[in-house]
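Asks: Structure incoming, see below.
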Amino acid sequence: MDRRIYGGSAVIHLFLFFSVLIFSAASALSKNQSPSSGSGQINSNSVLVALLDSRYTELAELVEKALLLQTLEDAVGRHNITIFAPRNEALERDLDPEFKRFLLEPGNLKSLQTLLMFHIIPNRVGSNQWPSEESGRVKHHTLGNDQVRLSNGQGKKMVDLAEIIRPDDLTRPDGLIHGIERLLIPRSVQEDFNRRRSLQSISAVLPEGAPEVDPRTNRLKKPAAPVPAGSPPALPIQSAMAPGPSLAPAPAPGPGGKQHHFDGEAQVKDFIHTLLHYGGYNEMADILVNLTSLATEMGRLVSEGYVLTVLAPNDEAMAKLTTDQLSEPGAPEQIVYYHIIPEYQTEESMYNSVRRFGKVKFDTLRFPHKVAAKEADGSVKFGDGEKSAYLFDPDIYTDGRISVQGIDGVLFPQEEEVVESVKKPVKKIVQPRRGKLLEVACSMLGAFGKDTYLSKCR
């Protein structure tokens, strides 16, 4: 009996020991996994969910376009955040249209991300934590590694130059949102816009492709790995034989022989890929490849030794085309033919020509129509009146054979006025028949043998 009780107590002690050991291991494992689980998921009470469902619809739309949701989710998982949300009117009507178009271009995704991160502070700053008038301005670092200054003066809470109009508008456990009256623009984004508007950043620098977005994950694709040193060249030696942009404008060389030293199809494919990576010219590339066979025709011309300059309208200009303008048979081909110049021109060469001669007419592949160009507002303007277009994106692609210049409108040839010549009735002038009466009289007198009576009949 005693042995049974002793053995039973030993089993109970052993069971309690293993229970305590398993419980301590489970608690330690839960402690180790708690930070990762908090940073990996966002609950429905998050400040990000509140932003997407709030009155600040314009800001929420920009955050989605800038692909910042994953970045903000990671930031909320690590710490609280404070968002300064501009009102919708500040982004719809008060913002410069050119600046807004600059932000929405695919090639300026980094500038848009920097602008939005400038409105977010990686800690919690409520209205009760605002600096007083005596303390002056207090600097806070943003998620974009910039600094914003919080101040309080004349009863108004300010963040930089924007007034807080809705303090503590949305409050959540992981952050809060303040409503502000205007958009905050960091200095770096303003400088990028000024360089772009003055064409300084693209006048003498090779264009870089716009960031590529993976449609499956809605995230940026990783750039390709750099080519190792000593690897064979990516382009054939014939590409080095082509004249550079410094020689433009130059007449087209004569057709090549049967060897076809220039791979025109590869060059056309290269410039179409450049259009797609540059961003904003997808419609033009779609017409060249899918709607028409112009890409193949251009490749044959380049292979034979000819050079081409393409005036490529951007997507906004192509969207203004009506269905009637594209539904007629051969209409897309005729539109593109009018935008191809059979000579090599760069932005510099065309601008120098219009500055020197005032107005220059370039031949097009839509014979016999020509496209007129002149200098306007420090750039090159094509066409006249409402059907005009400005050279908007210079030197998108220049390889010595094909030059692509971006314009902000679709060009159409001027309609020829047919002047119908009206035939006026011609009045017939009856000439007098002189001497007929005298001739008849002489013949009658001659019949009677008395024509000698008149001296006129002799």
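Heads up, residue numbers simply count up from 1 along the chain you see.
Including glycine, each Cβ sits where the backbone N, Cα and C put it.
As listed in Swiss-Prot for this protein:
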type: COMPBIAS; residues: 225-235; note: compositional bias 'Pro residues'
type: DOMAIN; residues: 43-184; note: domain 'FAS1 1'
type: DOMAIN; residues: 268-411; note: domain 'FAS1 2'
type: CARBOHYD; residues: ASN80; note: N-linked glycosylation site
type: CARBOHYD; residues: ASN290; note: N-linked glycosylation site
type: REGION; residues: 207-262; note: region 'Disordered'
type: SIGNAL; residues: 1-30; note: signal peptide
Asks: For ASN80 (N-linked glycosylation site), just count the other CB atoms lying within 10 A of its CB, please.
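Replies: Other Cβ atoms found within 10 Å: 17.
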Asks: Translate the DSSP assignment of ASN80 (N-linked glycosylation site) into the three-state scheme.
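Replies: It is coil.
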Asks: Once the chains shown are all counted, how many other Cβ atoms turn up within 10 Å of the Cβ of ASN290 (N-linked glycosylation site)?
Replies: 9
Asks: Between ASN80 (N-linked glycosylation site) and ASN290 (N-linked glycosylation site), find the distance joining the two CA atoms and give it rounded to the nearest Å.
Replies: 49
Asks: By DSSP, how many residues in the domain 'FAS1 2' (268-411) are helix, how many strand, and how many coil?
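Replies: The composition, in the requested order, is 62 helix, 41 strand, 41 coil.
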Asks: Treating G and I as helix alongside H, and B as strand alongside E, what does DSSP give for the domain 'FAS1 1' (43-184) in helix, strand and coil?
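Replies: Counting residues per DSSP class in the domain 'FAS1 1' (43-184), I get 53 helix, 40 strand, 49 coil.
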